[in-house]
Structures are given as C-alpha cells and as structure tokens.
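Enquirer: Attaching a single structure in structure tokens format; questions to follow.
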C-alpha cells in the first residue's frame, strides 16, 4: 500500500487512475487511516498536498471525499457562510439530512477547525427569516426514535395549516415545529396535514413562486422527510442545467455515497427514466467522471 501511495502522490497529477482506485472504494475509517499512514510515511498532510492542486473538478472531489464526514460538513458549512460562496441551501441541507449525532459531530469539527461555532457564523452571515430558520436548524439535536405522538401530530398539523393560511410563513410556531420535532414526528404531522386539509404542505407553500424564503422552507421540509427526493432533484438540476453545476454534483455525490446513494439512484431512475450513472457519464469526462462513477457505485464495491 505504501508503494502505491508513493506512486499515486509523487508528482501529483500523473497518477489519477491510481488515486481513484486507492480512495474511491475506501470507507471513512479507511480514508482516515490512509491520511495517517501518508503523514507518517512522507511527513506531509495528504489533504494539504491535495489542496495545493485544487485546479480542477477531479482534484476537488478527491479532496472533499477524503475528508472525514464531520470535517467535510464543517468545511462545506464554512464555505456556505463566506461572501462569495454563501449558500443558505447548503446550510439547510447539512442540518436536515444528517442524524442528530452526525450534526453534533459537525459542530464539534467546526469548533476544532475554525475556532468558533457553526451557530455564530450562521447567525452572523444570515439575516431576517433566513437567520430565524437556519440558526435553530444547525443547532438542533432531534430525537432519533420512531415513537410518534398522534394527538400532537394532529394539533401541530392544525397549527401549521392556520399559520400558512395566514401567510405567516416565518411564524415562531412553524419554525419551532420544523426545527425541534423528530423526523418520525414530523412525518406523522405532515401526513395528518395532507389528510385533514387535502393538500401536501409544500403545495400550500407555493403561493409565491419567487419568494426565496418559501423555496428554502419547502426544501427544508423535503430534506427532513424525503432526503432521497431532495437530493435527486439537486442532482437532476446540477446535471441538466446549461453548463453542469459541478460543485453541486461533487457535493451531493461525496456526501451521500456512504449514506443513501442507492435510494437516490433508485429515485433518479424512477423520476427520469434513465440511470444516474448514464447522466453523469454524459455530462462529465475523464478522471472526474471516473471518480464520480466509482463513488456512486461505492455501496456495491
């Protein structure tokens, strides 16, 4: 293995195929061990060596993938709070699609890496309704169990309907329910909403198609309840837009490869009548394409 590291990283940029074969089929623990062995063998930080070479999409996906998941999310969240790479959507995505334990580890990694808290950066770099939603989302530690309180689900479905009917989209009660309830409880509440009021909640949140906060609110609900549908749409838009959105493609593939990529691939095929592999191969090329295809098949490796 050490000789392979030496071949792959000596004269960076000449052994991309070997880098794919070494890193793409390794889980998080194995990738951390590779970083450790690399540092011991060569006295250098693998990630810093990668970072020096971030000149194209291939090297960027390799670096993002090689990061420990919590460290990766901390990095993505920090990028999402910067002026020129700001993204309320990425912050929401991390907060809503990770488990409570994983999100807690992201906050710890953020402390270690940036010497401040994720919450304070999100609060500082957002305003108004966006801040009101995003700060409690990234601060959340939801209950992870499957237990559901049916009476509570009915009463909170009614609260949500009343507030939405009044167009009070950023009301404290809407924010409280979405940012504190377990995902199982939220699913029960939204099922009651649908049954009682004849519409899925996101249909009632489409009153103003150009309202950016409403778009984020709908995405929050989808990401909390059907993450595979949220990520399928993100991938579809990244691939189908004029000029592929490589950063969104890289982010989704690298962050979901070890989590729910098989479900996302199934949803993609159901929604588009074509495989994700097919569309990625059609819109990317070279080593970047090979790395992405290796990662989306990661669960099968």
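Just so you know, glycine gets a Cβ as well, placed from its N, Cα and C.
As annotated by TrEMBL, Ca(2+) binding site applies to 9, 11, 13, 53, 239, 241, 243, 281, 283, 284, 289.
Where in this structure would I find these features, and how exposed are they?
Expert: Shown in sequence order, 239, 244 are the residues of the chain, 6+ apart in sequence, with a C-beta less than 8 angstroms from the C-beta of residue 283 (Ca(2+) binding site).
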Enquirer: Around residue 243 (Ca(2+) binding site), how many other CB atoms lie within 10 A of its CB?
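Expert: A 10 Å sphere around the Cβ of residue 243 (Ca(2+) binding site) contains 6 other Cβ atoms.
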Enquirer: Within 10 Å of the Cβ of residue 239 (Ca(2+) binding site), how many other Cβ atoms can you find? Include all protein chains, please.
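Expert: I get 20 for this one.
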